[in-house]
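Now, the feature entries from TrEMBL:
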- H8: heme b binding site (BINDING)
- T9, T56: Ca(2+) binding site (BINDING)
- C15-C40: disulfide bond (DISULFID)
- 1-133: domain 'Plant heme peroxidase family profile' (DOMAIN)
Amino acid sequence: MVALSGAHTIGQAACTNFRSRVYGETNINAAYAASLQGNCPQSGGDGNLTPLEVSTPNALNNAYYGNLVSQRGLLHSDQQLLNGGSTDALVRTYASSAAQFSADFSSAMVNMGNIGVLTGAQGQVRLNCAKVN
């Protein structure tokens, strides 16, 4: 899961998904939080977008993990990967080794692709990912 989270090096998040982190959490770099507040006010601007990883937002690489080490994870769930828990060592490894991240990410994607998908009457395309239709 730590390797797959590296996909957050590409893409954007809406203000509504990181506002509470920017204004209410302490494990965020203060200068980074201040820079995000310019595009994500305390109220309004819910749809304003910010890159998940600002230094190379269009490249799949290990920069995401370096940001976590610097407390610059945009989403709460991202920064939890480096917050005094069992995943800290792996985050630090990926931050320092692009090759290790690339190898583990590739393997994790193949494993995820091999998960059996329910189809037809056995499966369901959810209209809202958070709940069963």
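Each residue's number is its place along the chain shown, starting with 1.
Cβ atoms are placed via backbone N, Cα and C, with glycine included.
Secondary structure counts, DSSP: the domain 'Plant heme peroxidase family profile' (1-133) has 65 helix, 8 strand, 60 coil.
Per-residue pLDDT, averaged over the domain 'Plant heme peroxidase family profile' (1-133), rounds to 94. With a cut-off of 8 Å between CB atoms and residues at least 6 apart in sequence, the same chain places T9, A63 near T56 (Ca(2+) binding site), listed in sequence order.
Non-local neighbourhood of C40 (disulfide bond): C15, F18, R19, V22, N48, T50, each in the same chain, at least six residues away, with C-beta under 8 Å from its C-beta. Around H8 (heme b binding site), the same-chain residues at least 6 positions away in sequence with a Cβ under 8 Å from its Cβ are L52, E53, Y64, L74, L75, D78. When Cβ atoms from all protein chains are considered, those within 10 Å of C15 (disulfide bond) total 19, not counting its own.
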